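What TrEMBL annotates here:
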- C348, C408, C411: [4Fe-4S] cluster binding site (BINDING)
- 419-440: region 'Disordered' (REGION)
Amino acid sequence: MSGTLAEKVWDAHVVQKGSGGAPDLLYIDLHLVHEVTSPQAFEGLRLAGRGVRRPDLTIATEDHNTPTLDIDRPIADPTSRTQIQTLRANAEEFGIRLHSLGDADQGIVHVVGPQLGLTMPGLTVVCGDSHTSTHGAFGALAFGIGTSEVEHVLATQTLPLTPFKTMAINVEGTLKEGTTAKDIILAVIAKIGTGGGQGYVLEYRGEAIRNLSMEARMTICNMSIEAGARAGMIAPDETTFEYIKGRPHAPEGEDWDAAVEYWRSLRSDDDAVFDAEVTLDANDLEPFVTWGTNPGQGLPLSGRVPDPVDIADESARRAAERSLEYMGLVPGTPLREIAVDTVFIGSCTNGRIEDLRAVAEVVKGRRKAENVTVLVVPGSARVRLQAEAEGLDKVFLDFGAEWRNAGCSMCLGMNPDQLRPGERAASTSNRNFEGRQGKGGRTHLVSPLVAAATAVRGTLSAPSDLAPAAEPALV
Ligand SMILES: CC(C)[C@H](C(=O)O)[C@@H](O)C(=O)O
Ligand code: SF4
């Protein structure tokens, strides 16, 4: 029978089929854990006298609450310190592998899994975190779960689930120079809306997707949740296999060959039927930036702050009015004229090595704009080490940026990295909700290239807006 990629992975994991509208019971191959959503789940196990069913399929890392400075000192903030200490105690008690602050494999949970080769095609991957959709870039069925579900998976390695609907997102054509995966996904969300993906698994397909690197594919799948979707997926191909090969947990020898043979079958059949389908032309895309307080409120950088009076739908108009008020923006202002105080480069959306290389390429030989604070926060300690091995840290420091330790950092400001009230940031992260990066802080979501150019000019900009880095000497 023909099926979509999501259906194939689902079917391969059904332990018990639900009848009469009851959910299916699915087997979970990989359970990622962080300090924010796990304490009550472990407490539940403890109260019920249960252990963790498959500690070998469970891995934890510290990310949301970790400081990015002075990581060799005790965590100053008491709440953050307690959360981290609780995770450490739980990991020890339940026999779970944990990558703690200071460990080379510590970092944002969605950066660590792929980096270690734990995330592979055809797996079911869960984590008590909405951006678990990131792992779908490998052709895994990966989604965020709530704390009670975390407890269920810890106890049984299974999860009762009702099948999702499927939506194909076809991105045809070729991206123009300066336009990236981040612009694709911001354009997709602007098109289908922050509720457009509700109840669906999105499968990204088409020429533009096939031509993306694994890290760029992760950026796209990461933000599926911002369209309201349960998960995002991309069928695995040679790019995927190449990325996984040789990583610490990748299969080897005959196991590798068998795995790749299976992985090749993980694609939607030509006659598979999706519940919905959306098509976008990559040739039409430009760098995208958000102007509002949800990730769907985005426009090409060449545009202007929208005027709510032009919005016909009443609830969208009200939302725009409220967003503009919070964001302190005047309708009609060219987006390129919006000045920022901070540029944040990092997060599970754009905190990987390719993102840092892209930023370094733009800022090399330049100085940041005065009055702009630039934070570069690698997604994991390994990304940091890799960047330093390539000399990128030096490029960032010469530019005037701060080079920090790994973690979620200013993506959501659970650690000291926060905007102050009224401060405005260009951020490579995924959410621009009110107060997301600090109380009263204002966020514009952008790609790493736009973040870098914005750090140079001080207003929202693309690399094509910059004068050449080193002017030839006049004679
Ligand atoms: C803290 C965590 C539960 C949350 C999530 O689920 O996504 C966070 O990672 C975020 O990005 O808002
Ligand atoms: S980097 Fe941001 S989006 Fe990703 S897990 Fe951390 S807080 Fe959530």
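The backbone N, Cα and C atoms fix where each Cβ goes, and this holds for glycine too.
No curator has checked TrEMBL annotations; they are predicted automatically.
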Original post:
Of all the binding-site residues given, C348, C408, C411, which has the fewest Cβ neighbours within 10 Å once its own Cβ is left out?
Top reply: C348
**OP:** Tell me the residue counts in helix, strand and coil for the region 'Disordered' (419-440), as DSSP assigns them.
**Re:** 0 helix, 4 strand, 18 coil
Subject >> For the [4Fe-4S] cluster site built from C348, C408, C411, further residues of that chain with CB within 8 A of the site's CB center >> reply: D63, H64, I108, H131, G346, S347, T349, G351, G379, G407, S409, L412, S429, N430
